[in-house]
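Colleague: Pasting in a structure now, in structure tokens, and then I'll have a few things to ask.
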Amino acid sequence: MGIGITSNVLYTFPIEVVRRGFHYVGLVYFFINLAVVAITHLLFLLKYIVFPKMYPERYPTTFWEFVHDGTKNVFLGASSMSITTIVNMMYLLRPNWWKFVWSIWWLNFVQAISNTLIVFFFIFSSSTSKEFRHQGKQVFVKINPSIMLPLVTCTVTSASGTQITEILPREYQLAMMIITTMLLIVAIFSSFVAISVLFTRFFNFGIPKNGASFTMFIPIGIMGQGGIAILVNSQNICNYYNVIDVVRDVGVALGAILSISLLALGVLFTVWGCLSVFYVYIGWPSPHMRDKLEVNMRGDRLLKWLDFELVYWTPTMWAATFPFATIALSSREVWVVSGISGFRVLSCIYGFAVIAITTWCMLATMLFVIPWELRHRKAVEAQDGEVNKPEGKVNDGIVSLRIIA
């Protein structure tokens, strides 16, 4: 989903001179996203649906068990949002294909509703099982903002629906405006419930440690996409009823005020997310956190000549890509409506940030994660051999490798 929404940012960059070049880069990112989405969904279907039936001993986890696992099912939200980025890009590239775009949006709508109503229910009800009941507060300590991924899907789908409403025939527009508004309300209110739970965890047990600190950026997605949905929907309503200019200006102004309010919250969560990452990885303002730096790529990598200390990356850095892009797109919409240059500057700042982070994550994934996955089995076997020795000591590099792989 990070690559897909980055293609949206590149294709609609607010600076005309820059957008001419980014236009083609955005197309490249879009096709990369298509390939990644197709491959990951195929692997998911094989691992949790096909292989458990063919090779139950090697793949014991079925899809039903996956959905009930509160630590894994959150990533079904990422699946939904990756489809939404494709819908948004198809809307930009081929607006005359409205039937095709709208059909995909409805499939995405079903997926988003399933995430919010069913998957999130399994997340907060998982603690009632006997397995989790014995763990007590340890389950609460492990909670991080990734639990919001199933809720963000409704906001993202709502924002996408408001944008494609304008290319639909008039007889379908009113229904779309009602549905997208209901999606937005459900997403925002349920998200604030989840945020209250998260801050209860933060005040009692501190912020997420190591790579999980990047999940602090996830709540930004609600604010960014929510701002787009409100602002675009206010314009759609005024256009649909063909109101006079005064009423139209008031309606759009109210939508802009609400959008700016969510945008401000998004910037606030951005600052808190950055401070959380600095706190864990740089040791500021608490130097004792330095010794808890996650050892990500030590010992097994392609570039043997590259000093590990110069590499600043963890797989969870992907969690920052989508939220940053939502603020870039939301502030761009506010700039288009209001003409205030400050929002254009804000959109550029977030836009350049998400482009840099996404590109770096793509390169780092190819350089580090893929080699780890290829060698993961040997590393696990080597570790098991070390553990079985009477007085042996597990190699630190293999331990860190197993955690990340």
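Keep in mind that glycine also has a Cβ here, set from the backbone N, Cα and C atoms.
TrEMBL feature annotations, pasted as is:
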TRANSMEM  27-50  transmembrane segment
TRANSMEM  74-93  transmembrane segment
TRANSMEM  105-126  transmembrane segment
TRANSMEM  147-168  transmembrane segment
TRANSMEM  174-199  transmembrane segment
TRANSMEM  211-232  transmembrane segment
TRANSMEM  252-282  transmembrane segment
TRANSMEM  310-329  transmembrane segment
TRANSMEM  349-370  transmembrane segment
Colleague: When you scan the chain for residues with a C-beta under 8 Å from the transmembrane segment (174-199), skipping those not six or more beyond its ends, what do you find?
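Modeller: Sequence-remote neighbours of the transmembrane segment (174-199) are 109, 112, 116, 120, 143-145, 147-148, 151-155, 157-159, 161-162, 164-165, 168, 219, 222, 226, 229-230, 233, 236-237, 240.
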Colleague: Quick one: do the transmembrane segment (211-232) and the transmembrane segment (310-329) have at least 3 Cβ pairs under 8 Å, skipping pairs fewer than 6 apart in sequence?
Modeller: yes
Colleague: Can you tell me which parts of the same chain pack against the transmembrane segment (105-126), counting only residues 6+ beyond its ends and a CB-CB cutoff under 8 A?
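Modeller: Tertiary neighbours of the transmembrane segment (105-126) are 67-70, 73-74, 76-77, 79-80, 83-84, 87, 132, 147, 149-151, 153-154, 156-157, 160-161, 164, 179, 183, 186-187, 190.
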Colleague: Would you kindly check 27-50, 147-168, 310-329 and say which stretch has the most C-beta pairs under 8 angstroms to the transmembrane segment (74-93)?
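Modeller: Out of the listed stretches, 147-168 contacts the transmembrane segment (74-93) most.
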